[in-house]
Amino acid sequence: MAVYEVKHPLIQHKLGLMRKVDLSTKQFRELASEVARLLTYEATKDLETETITVSGWAGPVSVQQIKGKKITVVPILRAGLGMMNGVLDMIPSARVSVVGLYRNEETLEPVAYYEKLATGMEERTALIIDPMLATGGSLLATIEMLKKAGCQRIKGLFLVAVPAGIERIVAAHPDVDIYVASIDERLNERGYILPGLGDAGDKIFGTK
Ligand code: URA
């Protein structure tokens, strides 16, 4: 397990813009996609490649291609959808496995209300996407769902996380890698990340 806070200047600049309170829905959405693209670049740097020969303009040429079964992107509804296009820009042939969870108000545990996973999960690398890693409850439930489906290689991509949420995942699933643009300070009493981005779902969908 590794936690990568990706300090690339482009990511930090774009995330800085996203923190501004007066951003339009369009701007927030575009920036979420752009940061997702850059996080995808980082999170896929250890994908295995193999050498193949293709016909080039001057004859046969050796090139690299990504080896083996491919990737599935796993947006957690609904805010995760705001990062999906950015990831798919980088990996256009990735399959999408959608997960929806709600919180049982009595047990406070996440309950799955939607699960449509790609086929062949045993052989795929799963990239879970959600803008905010707060308590880690939804992420835990999603990881468990993916592992139950046989998935053996899981990474999570987030715009902002808090240490407590990360620690919860590390303790339960030390094999899962986390890529995040910023590890912020803490959760407030209503479960929002500080300084954070506010309600990422509302900002992406233009709701209140
Ligand atoms: N979900 C959000 O949208 N924002 C937070 O700060 C925490 C969880």
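We count from 1, first residue shown onward.
Cβ from N, Cα, C; glycine included.
If you look up TrEMBL, you'll see 7-207 marked as domain 'Phosphoribosyltransferase'.
Annotated 5-phospho-alpha-D-ribose 1-diphosphate binding site per TrEMBL: Arg78, Arg103, Asp130, Pro131, Met132, Leu133, Ala134, Thr135, Gly136, Gly137, Ser138, Asp199, in sequence order. Residues near Ser138 (5-phospho-alpha-D-ribose 1-diphosphate binding site) in space but far in sequence (CB under 8 A, at least 6 apart, same chain), listed by position: Ile76, Leu101, Pro110, Asp130.
Within the same chain, residues at least 6 positions away in sequence whose Cβ sits under 8 Å from that of Ile193 (uracil binding site) are Met132, Ala134, Val160, Ala161, Val162, Asp184, Arg186, Leu187. Look at TrEMBL and you will find Ile193, Gly198, Asp199, Ala200 tagged as uracil binding site.
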Please check the binding-site residues Arg78, Asp130, Gly136, Asp199 against ligand 1 and give me the ones with CB under 6 A, sequence order. Asp199
I want the residues beyond Ile193, Gly198, Asp199, Ala200 whose C-beta is within 8 angstroms of the mean position of the uracil site's C-beta atoms, in chain order. Pro131, Met132, Val160, Tyr192, Gly196, Leu197, Gly201, Asp202, Lys203
From the Cα of Gly198 (uracil binding site) across to the Cα of Gly136 (5-phospho-alpha-D-ribose 1-diphosphate binding site), what is the distance in angstrom? 17
